[in-house]
Amino acid sequence: MGSGASKEGDEGSKEERDTSGGQQLYVSLKMENFKLTGDLLPHVYGSLPLVASWDPSKALPMERESVSMWELSFVVPPNHETLDFKFLLKPKDSNAPCFVEEGPSRLLVGGALQEDTRLALFRLDSDEVLEYQVFVKADRVSPFDLAASWRAYQDNFRPSSVRWIPDISINSAPQTGGENGSSAGLELDLEHYVVPTPPTSANSAHVYAANLTENPRSLMSVSGSNSYPIKELEVAVPDPSKMFQSSGMVESKSVGTFSPLQKQENQRGLFVDRGVGSPRLVKSSSSNIFSTDLNLDHDTKNSMPAAAGAVAAAAVADQMLGPKEDRRLAIILVGLPARGKTFTAAKLTRYLRWLGHNTKHFNVGKYRRLKHGANQSADFFRADNPEGVEARNEVVALAFEDMISWMQEGGQVGIFDATNSNKKRRNMLMKLAEGRCKLIFLETICNDVNIIERNVRLKIQQSPDYAEEPDFEAGLQDFKNRLANYEKVYETVEEGSYIKMIDMVSGHGGQIQVNNISGYLPGRIVFFLVNTHLTPRPILLTRHGESQDNVRGRIGGDTALSEAGELYRKKLANFVGKRLKSERAASIWTSTLQRTILTASPIVGFPKIQWRALDEINAGVCDGMTYEEIKKNMPEEYESRKKDKLRYRYPRGESYLDVIQRLEPVIIELERQRAPVVVISHQAVLRALYAYFADRPLNEIPHIEVPLHTIIEIQMGVTGVQEKRYKLMD
């Protein structure tokens, strides 16, 4: 069933392909012995579609179906319907000789065994003869039915050997000398296994966070510090009577959701989308005529998030019932310097982008440095300096207008990062936002002098404002003077809609106050902020060890580990023990599929938690198939997936957007954890998790490299996110 065999089948004659009516031959080989010895493992070898070789070292392992039964099943391509094979027994000790069944090989032609079923006899070194009952079954099945039944077969007829273990277990697997012995051990220096990270990986901790924000479009042509003319502030408020005018259909860019409503003969219609590759039809509630000619309003179409499920449903509800400005949200940061505003803004931006909301971070300090230079002293920030106040108000207005312009081009959430430390400034922003976007103030308050001192020192080390100041102490004193100027006029938020984060950065308590907050997205923002903190800790991401389905090229399934996977789990346990030996606490998270649970089993000393949300992407009816089989038997689905892997949803399965939605609780819990976490999961899931930490665009997620037998270490801390990769095996 490998790719080579499938390609040969594609190149066969039309007559040969049509003889089975589009069906495939499904073969099941079973061996049964009620007196099995646990040291001998049944295998099959010979002229088979999976490995056409009479080399015993390349024999295919059979899987245990029950206490006495072993089984191997596969799909035979049309050009390989003559099978010539034998059974053999392999000792667990790979250096010991194999035992091949006596007698001639077995011949299966077109699904019919060319002899009466006979016992499989094996003569051991002690002249003892082992007898196995043999069962050979071959059926013609359609590819669709075969794939649809695969997961049910796995779940109901072959229970996993690790099923029924509790969701949380501490030290459930005893540690033996063989599990972490020197044969599978690591070098004492873990750095020996470090490999280069991708060029677009998580941001380095040495990058100043404000430099990663949106570039000031209105100032990019400015070369001198005083070349931009200062204008009087003009605020344009649109006519409310025209705010609700809308034409045509509002299209949802999400998968598996409905979008509102197409005007057709004064009737409301409904747009239903199963996924990429499905019919995109609009039907009037009073008509049986379907139409695919959609004339979309550009403004409303761009305001829809590229998301799925509840995120898209909330956006649909806002567009159906809410005023136009509610479709755009401005989060206005408020707070004294060195209180974590930019850090909070960066985390919130990353989270909302990952959920599918078009979000950008606008830092006013970046505008100020470009317009007036980076070498402004503390006097520039005095409230009794009219020139400084006017200059700072000017760059605030420029940044806000840039944000509004971006929203009018399709942006949804703007994070406006500045001190905004008094009511006069905030009233100016509220007037600018009136009729154009919904506005929420987000105030960060910190009373911990140690945290403030740490943040101040980081500011001097990283901020471009002090890049040309060679004397650290002089820069430190200037910044403290600037801070004192802000403290003299600071007024806490009491107006409008607001969220106050009070002493939340440490992760040890604090409080959040909210006022006049409603709606799905503001609610998600509050929930996210409640669970964030700055406690440094590593998060280790790794795929399970290589599984038997990985070897066979099948997607989905719930098979056990291959020989390489067995070796990796031992190396992983050794790595985790050495990497986290100095940590007071840590936890191991896996999916509910046995290949991740088996990979985690040798790790001792830490609680193990199973998450169904960490299960691999559901391939639906394609579960258990190879991509070559999907390409041959379901070409339309194959091409649809190829065109848009992000939004493509397997029939009766999931898309990457669906995976992101179910992973949101995992992200929230990872943010809330203060101890290290080891996540052992699957490729699609880890791509989505990694994209969150690395702030990668949604459309890149299906293509992120997450290789087998490699550990991605994400370091969470006050200065941002760093990444390191360890490759334990080739």
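Even glycines carry a Cβ here, placed using N, Cα and C.
Annotated substrate binding site per TrEMBL: Arg543, His544, Gly545, Glu546, Ser547, Gln548, Asp549, Asn550, Arg595, in sequence order. Look at TrEMBL and you will find 7-19 tagged as compositional bias 'Basic and acidic residues'. Per TrEMBL, the feature domain 'CBM20' maps to 19-124. Marked as region 'Disordered' by TrEMBL: 1-22.
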Using the residues the record lists for substrate (Arg543, His544, Gly545, Glu546, Ser547, Gln548, Asp549, Asn550, Arg595), what whole-number Å value is the largest Cα to Cα distance?
14
Neighbourhood of the substrate site (Arg543, His544, Gly545, Glu546, Ser547, Gln548, Asp549, Asn550, Arg595): other residues with Cβ within 8 Å of the Cβ centroid, in order?
Thr559, Leu561, Ser562, Gly565, Leu708
According to DSSP, how is the domain 'CBM20' (19-124) divided among helix, strand and coil residues?
6 helix, 53 strand, 47 coil
What are the sequence-distant neighbours of Asp549 (substrate binding site), meaning same chain, six or more residues apart, C-beta distance under 8 angstroms?
Ile555, Gly556, Gly557, Thr559, Gly624
Can you tell me the mean pLDDT for the domain 'CBM20' (19-124)?
80
Let's check the environment of Ser547 (substrate binding site): how many other CB atoms sit within 10 Å of its CB?
26
Using a Cβ-Cβ cut-off under 8 angstroms and a sequence gap of six or more, which residues of the chain neighbour Arg543 (substrate binding site)?
Ile680, Ser681, His682, Gln683, Leu686, Val706, Pro707, Leu708, His709, Thr710
Return the residues near Arg595 (substrate binding site) by Cβ distance under 8 Å, restricted to its own chain and a separation of at least 6 in sequence.
His544, Gly545, Ser547, Asp558, Thr559, Ala560, Leu561, Gly565
Please give me the CB contact count at 10 A for Gly545 (substrate binding site), counting all chains in the structure.
29
